[in-house]
Amino acid sequence: MSELAISIFTGTLIAATPLLLAALGELVVEKSGVLNLGIEGMMLIGAAAGFLVAVQGGGLLPAFAVAALAGAVAAALFGVLTLLFLTNQYAAGLALAIFGSGVSATLGVGFGSQPIEALAPLNLGPLADLPLLGPLLFRFDIMVYLGLALVPVTWWWLNRSRAGLVLRVVGEAPGNAHALGYNVLRIRFLAILWGGALAGLAGGYLSLAYTAIWVENMTAGRGWIALSLVVFATWRPFRVLAGAVLFGGVTILQLHGQILGLPVPSEALSAAPYVATILVLVVISQNRARMALDVPLSLGKPFRARD
Amino acid sequence: MSYRIEPRRNASALANLLAPVIAVALTLLFGGALFAVLGYPPIETLTAFFIRPVSSMYGFTELLVKAVPLIIIAAGLSVGFRANVWNIGAEGQLTMGAIAATGVGLFAPEALYPMLLPLMFVAGLVGGAAWAGIAALLRTKLNTNEILVTLMLTYIAGLFLSFLVRGPWRDPNGYNFPQTALLPYEGMLEPLDPMYRVTASVVFALIALVALWVVTARSFAGYRLSVGGAAPRAARYAGFSEKGAIWVGLLTGGAAAGIAGFYEAAGPLGQLSAVISPGYGFAAIIVAFVGRLSAPGILLGGLFLALTYVGGESVQMSHGIPSPITRVFQGLLLFLLLASEFFVSYRLVRTGRAAA
């Protein structure tokens, strides 16, 4: 297999990682019946906060922790608004997206030009030296493996664990969950925090590993693409993985296209992920029956206990 | 002692009016706290943000320059929001409107110069509406979510603009800057007063507000639109079309954003560059909400959001505070507004322990 094929394969998985992390988090949030449109804002806050820690010599592990924490704090704002103040979830998510873009840009002013050392690949010893398999599978950084591992874990947790079952009940029939004695708001709030932490981590991956710089609005719509992925995946973790790999692939192929100097304007190639998102949404939306079957029943609807 | 949330039987008219006022007041309060945390004197900085920039005639006209696109776009978006159509890609529609209008301005034959501005206006309108129309087509024919489509189209419009100003439309005499040539004299709007940058677009913004008021408050069409959005099934029984509401909602918002793009290109900008809007299309969503989707509210909301732009520029110059603080204030305002809205539909009822 040629060098190029290997680099496209590994590049695809790396480009897919932030999408995968953010989308898996949002999937859990939506399964609990809450639609958080603000992924882009939480990713940006995570990216800026994590970068600030790293650029001031705080180390990469704390940087990622701060990125996740910052994403969760931003998500908590959304949670308070939608759960306690029964705010329209669309509007609150939009507010979070705008707020996050402003907060991150304000935090990051003046730090963008400073380089940091990017997250290094995990040292897997002899595995990395295996012929073919080494460069293909064993030279990624830890976040790539973490993202991949979260796919079966999320699936198992949602479909096989008791807590996951409760979360799904809360998303499908919050009234029933409440009557059974479960605290709907608390469960939804925890799901929102989890989604925020993963979005923050995804943003941190962009600024700490993927590019190792901070640029205003550097997520460039990845938060919205992650949101589309959840719909595309009809709320199933393994399909989220498939979608993230598809988009990672589109991103890497268009980058290679630009490097090779294809006779197409670079902007047309840069637009490929956005065009692909629209196309994918069009295709998946065709099957209305499937969508109706898979969408969490109370998605986007506020819940208020009547006792 | 504890409290219980209870829905109001009728939405509180007082709370409805007060919610935006409270939200603005709280935004100032939180904003002051934010400045204090960042190490700036809060009162001084708030004055520099919200009062000093508009305490001169020039400052006030600059406020109008920023308020006009916000008001025009928000008026158009409100029609869609009333019909529950979530067009959040007005930024892209503004971009396409500006591109279409500038294209006509730059490349129309001189024979058309006497009517160049009206032609550019129409081009802007059509450009914005067509871009939103893609989302309407996909939503009505193929059931595709308009939120995500209008957003993706915004990124695509930005890249298209970047392609034009760096490629085929780049000014050959522009020292390689990514920008087009200046529009011909006939394609530029004269300022109403040569001292200031305000153009006739102010008049159009007022017309847009009146039109919104007539359509929403006084016409059957507006009622039909709202029903189609709020209760699609009821609308269908009554013979109103849900698809019609989606088309009207998206096209109106797109056309308004496109017209705003024309006014930006032919007014303050005079040419296209890689960045033509400081997020007017997104801020206009906040204007629409803060303005309760009503004409008088949008007027006030547009002025306030415009103030966050001039205020951001002002404190950047006077205190060196990064200008993205503008978007922090905008997000904060929307958050607080949404929280205040709670009291429009609900109230807290005190529940004694004995009663429980």
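Every residue number used here counts from 1 along the chain in the order it is shown.
Glycine too: its Cβ is placed from the backbone N, Cα and C atoms.
TrEMBL entries are annotated by machine, without manual review.
Now, the feature entries from TrEMBL:
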type	residues	note
TRANSMEM	A:6-25	transmembrane segment
TRANSMEM	A:37-55	transmembrane segment
TRANSMEM	A:61-86	transmembrane segment
TRANSMEM	A:93-116	transmembrane segment
TRANSMEM	A:136-158	transmembrane segment
TRANSMEM	A:189-213	transmembrane segment
TRANSMEM	A:219-235	transmembrane segment
TRANSMEM	A:240-262	transmembrane segment
TRANSMEM	A:268-284	transmembrane segment
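Contacts between the transmembrane segment (A:6-25) and the transmembrane segment (A:61-86): absent, as fewer than 3 C-beta pairs lie under 8 angstroms at sequence separation of six or more. The transmembrane segment (A:61-86) shares the most Cβ pairs under 8 Å with A:189-213, out of the stretches A:37-55, A:93-116, A:136-158, A:189-213, A:268-284. If you look at the transmembrane segment (A:268-284) against the transmembrane segment (A:189-213), you find fewer than three C-beta pairs under 8 angstroms, all six or more positions apart, and that falls short of contact. Taking Cβ pairs closer than 8 Å, the transmembrane segment (A:240-262) reaches residues 4, 8, 11-17, 19-20, 23-24, 27, 148, 151, 225, 229-230, 232-233, 269-270, 272-273, 276-277, 280 in its own chain, all 6 or more past its ends. Put simply, of A:37-55, A:93-116, A:189-213, A:219-235, the stretch with the most CB pairs closer than 8 A to the transmembrane segment (A:136-158) is A:189-213.
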